[in-house]
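Colleague: Here it is, the structure, as structure tokens.
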Amino acid sequence: MKTGHAVAVYLVKILVKLLLVLLAVSIICFVLISVSPVDPIRMYVGEVGMRNIQPETLAKLESYFGLDTPLTIRYFNWLSDFVRGDMGTSLIYRQPVIDVIGVRFVNSFALMLTAWLFSGILGFFLGVIAGIRRGRLTDKLVKGYSLLLASTPTFWLALVMLMVFAVWLKWFPIGLSVPIGVDASKVTIFDTLHHLFLPALTLSVIGVANIALHTREKMIDVMAEDYVLYAKARGKSTFSILRHHGIRNVILPAITLQFASIGEIFGGSVLVEQVFSYPGLGQAAVNAGLSGDSPLLLGIAVISAALVFSGNFIANALYGIIDPRIRRGLKND
Amino acid sequence: MTDITILQQYKKPRLNQRHKTLIYFIFAVVLLLCIAISGSLMGEIAITTRSDAKNLLPSMAHPFGTDWLGRDMLARTLKGLSISIVIGILASVISAILAGILGVLAASFGKKTDAVIEFLINVVLGIPHLLLLLLISYALGKGMFGVVIAVAVSHWPMLARVIRGEVLAIKEAPYVKIAKKLGQHNLKIARKHMLPHIFPQFLVGFILLFPHAVLHEAALTFLGFGLKPEQPGIGIILSESMKYLSLGMWWLAVFPGLALLSTVLLFDLMGSSLRSLIDPHSANK
């Protein structure tokens with residue numbers, strides 16, 4: 001079998017496996033939301049409306065929300081609508097769910113991407129340094145920082161950041177992704193960045209911990225290898241060893257880990273968006289959950305699962321494609 | 001005249017690493033117990049409002065200050081932490097039992113069971129954890145019950161994988177194979193050879209679930225799911241403090257948050273020191 005062919009088969013296999021998981025996730029989300037005691041009709045017409053509602057209107061609404069059809073049929077109806085891009089209407093925003101998600105996805109994506117890149121690069125860098133200086137002061141600092149941050153509640157760190165930089169120093173605005181009372185067309189890229197900075201910083205600071213600890217362990221393993229000892233014996237400098245042996249062996253696990261941790265970054269962004277009242281997906285999910293907006297909550301849950309899915313797929317695919325050892329292993333199967 | 005060589009002069013340190021680890025462990029357990037017990041005794045003080053002691057800065061009388069209703073923040077924080085600890089322990093126990101059962105099932109009942117459980121693990125890990133917590137608490141109509149169940153049914157996958165791996169490894173161990181060849185009953189092998197090996201791992205994994213459970217419980221209540229506003233959960237205290245931050249009342253957020261961070265670190269210390277005691281090899285990592 002040719003290598004290219006083997007890789008393609010490998011990719012399709014993972015894709016199918018992960019798609020099945022995504023399908024199961026969507027079923028679970030759908031069931032969880034359906035069994036909720038929150039009554040969609042009550043949420044839709046309100047408490048006062050419920051008292052004055054005509055029986056025929058009630059029946060109409062019940063069939064509109066599909067409450068008179070069994071769960072399985074409702075799921076398939078929802079799924080077939082979902083694939084065509086119709087996720088229903090949000091009850092709190094009174095807009096199609098897809099539009100609400102579309103706007104907020106861009107905001108959240110900007111936030112998560114910044115934090116993801118920054119925490120990945122900084123965390124990798126710190127992990128490598130800690131790994132080659134094992135037991136020294138630098139290592140202790142990096143390790144201490146990471147262990148401390150791993151136990152820090154994300155939302156509390158966000159509160160502290162808000163307090164220090166927005167309330168005391170007044171360097172940054174307290175909330176919202178654009179200035180209040182300014183026409184949307186006049187919002188500059190600078191404004192957007194200004195409002196993005198603190199939430200992104202908080203998420204990055206928290207995200208560094210995991211990747212730094214992981215890279216440090218890998219780096220320690222690599223530095224204990226025979227080929228590193230041999231390189232030292234040949235009089236190679238630490239920098240040269242790092243360049244030719246160290247980085248090459250630790251970068252792939254680090255990238256994989258970073259792609260696989262998209263779910264955690266999403267979770268962090270929910271909390272951070274709440275504190276900074278940043279209008280992203282996370283904030284919408286919390287609002288939807290608190291005020292019983294089932295279609296919106298379901299839409300966001302499935303979209304976030306799709307994000308995790310993409311991260312996992314890329315992580316798996318990278319292992320198969322970049323690492324020549326695994327690539328050759330596929331060919332021999 | 002004593003003729004002692006340099007080598008014999010070596011004095012044994014009074015406490016070796018193992019003793020120190022044991023002391024850390026006891027320290028963490030005692031401190032956590034103190035927080036939990038003192039917190040549950042604070043019920044009255046935590047809800048007593050005093051109009052003559054509103055918005056006070058931290059002082060000797062009120063180490064954590066007081067809030068906008070004159071409630072003592074130290075009492076509220078301790079009460080909130082004790083609620084969090086109880087929920088955390090409850091959820092970890094359920095989660096660990098689930099993990100134990102599923103891990104052993106996956107390792108013992110053939111490839112099909114293993115594949116099903118692996119699929120289940122992937123599904124649970126396929127939704128961002130916080131969103132899964134949110135969904136489950138939504139499905140159960142919020143409230144304390146929802147929080148416990150949400151935290152319990154979402155934390156088992158990692159521990160289940162560890163248990164599965166351990167069981168699979170021991171199954172291949174020579175002493176288990178010999179016991180089988182000697183005609184030992186499967187149950188006896190499980191009890192005499194597997195359990196003593198798995199249980200310590202299980203215990204450590206169980207304790208290391210605490211910090212995650214406590215953090216997630218706090219996050220969920222912070223977002224407004226879970227506990228009612230009257231119950232001073234640590235997440236509720238912090239989310240209420242948000243409204244007063246712009247007024248400069250920093251102590252409402254700083255001290256409860258630091259207390260939560262310390263609690264999580266103590267649970268972590270408890271788990272990792274227990275791991276070093278049970279499995280000394282891991283201590284060198």
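Backbone N, Cα and C atoms are what each Cβ position is placed from, and that goes for glycine too.
Remember, TrEMBL labels are computer predictions, not curated facts.
Quick caveat, the model's predicted, so the values are computed rather than measured.
Not my notes, these are from TrEMBL:
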TRANSMEM  A:7-33  transmembrane segment
DOMAIN    A:105-315  domain 'ABC transmembrane type-1'
TRANSMEM  A:109-132  transmembrane segment
TRANSMEM  A:144-169  transmembrane segment
TRANSMEM  A:196-213  transmembrane segment
TRANSMEM  A:250-276  transmembrane segment
TRANSMEM  A:296-322  transmembrane segment
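What does the local environment look like for each feature on the list?
Modeller: Only residues 6 or more beyond the boundaries of the transmembrane segment (A:144-169), in the same chain, are considered here, and those with a CB under 8 A from a CB of the stretch are 126, 198-199, 201-203, 205-206, 208-210, 212-213, 216, 267-268, 271-272, 274-276.
Away from its own ends, the transmembrane segment (A:250-276) comes close to residues 108, 111-112, 115-116, 119-120, 123-124, 127-128, 131, 154-155, 158-159, 162, 174-175, 198-199, 202-203, 206-207, 210-211, 214-215, 218-219, 222, 282-283, 285-286, 304, 307-308, 310-312, 314-315, 318-319, 322-323 of its chain (Cβ-Cβ under 8 Å, at least six residues beyond either end).
Residues 7, 10-11, 14-15, 18-19, 21-22, 25-26, 29-30, 33, 78, 82, 87-88, 90-93, 97-98, 100-101, 105, 252, 255-257, 259-263, 266, 281, 284-285, 288-289, 330 of the same chain sit 6 or more residues outside the transmembrane segment (A:296-322) yet have a Cβ under 8 Å from a Cβ within it.
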Colleague: Within the same chain, where does the transmembrane segment (A:109-132) have neighbours whose Cβ lies under 8 angstroms from its own Cβ atoms, ignoring anything closer than 6 residues to its ends? I mean 6 or more beyond.
Modeller: 138-139, 142-143, 145-146, 192, 196, 199-200, 203-220, 222-223, 238, 242, 246-247, 250-251, 254-255, 258, 262, 265-266, 268-269, 272-273, 278, 280
